[in-house]
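The next block holds one structure in the form of structure tokens; read it before the comments.
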């Protein structure tokens, strides 16, 4: 559970008052700037969000009659409010401090500009409060592309990852990949702390990739862009030989590109995955070899049909 205390420590913010409320949970990634509330409109006050008070809000507040100031701040400090942050190093109003002491609402001061701090907070909250899941597989950074290797147990996922590491790529997680959906279409995978940097090879045991290959051979987390699913070669199955068929794998609410690679003796799976990663990058750049080949093939068919008619 994300609490105000963790927010303060992670972002190096300064707590002014309301220490008793540091254990309040933060459940919302949205941040509020209570401008209308300063004017007295609390009908739709999002009290469960972190509140930011910048120059605009406080300059308006200072124009209020003295008899209204205390009531506004008391309404602002609710039991469910995680924190009220005063930005730009501004001095918090005395009425706010009093309301904080009465309701134990944490008051935090920051030197950052309001917009800059809002950006930092949003990034932090989206990461911490993102939806999570875990998958059985191996995550490797191949040419800058986060490749999630999946398949049945014993198919050779870890051995393939070891070969990729030897070829200069970086291991993120083996066996169990913890996945967070940071935003729409952005999945980030990382290993559980218990098996960080470790790789299990049947017949050899558990090896520490960072110790064997150096710090450049591992990553703590990586955005997942491509899924390579390994399966035993099935002679009765028609595999994609051109690349026009687009498969996807849905993880949480995000779909990523999926490629199914049949495995049998003599196939260098690590090299195939390298080529798949490079080809994925080309596709992002708008270069699709399969589509170009299909267009050339259609043009050739049209030319031949015209010749036969003549």
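Quick reminder: no glycine exception, Cβ is built from N, Cα and C everywhere.
Matching 256-261, 262-267, 268-273, 274-279 against Swiss-Prot, the residues noted as region 'Important for the catalytic mechanism of dephosphorylation' span 262-267. Between the binding-site residues 151, 154, 156, the minimum number of other C-beta atoms within 10 Å of a residue's C-beta occurs at 154. Within the set of recorded positions 152, 153, 158, 175, the entry lying nearest in space to residue 241 (active site) is 152 (CA atoms). Looking at residue 151 (ATP binding site) and residue 157 (active site), their Cα atoms lie 7 Å from each other. Cβ atoms within 8 Å of the centroid of the Cβ atoms of 151, 152, 153, 154, 155, 156, 157, 158 (the ATP site) belong to the same-chain residues 230, site residues excluded. Ranking the recorded positions 152, 175, 200 by how many Cβ atoms sit within 10 Å of each one's Cβ puts 175 at the top. Residue 153 (ATP binding site) carries neither a helix nor a strand DSSP state and counts as coil.
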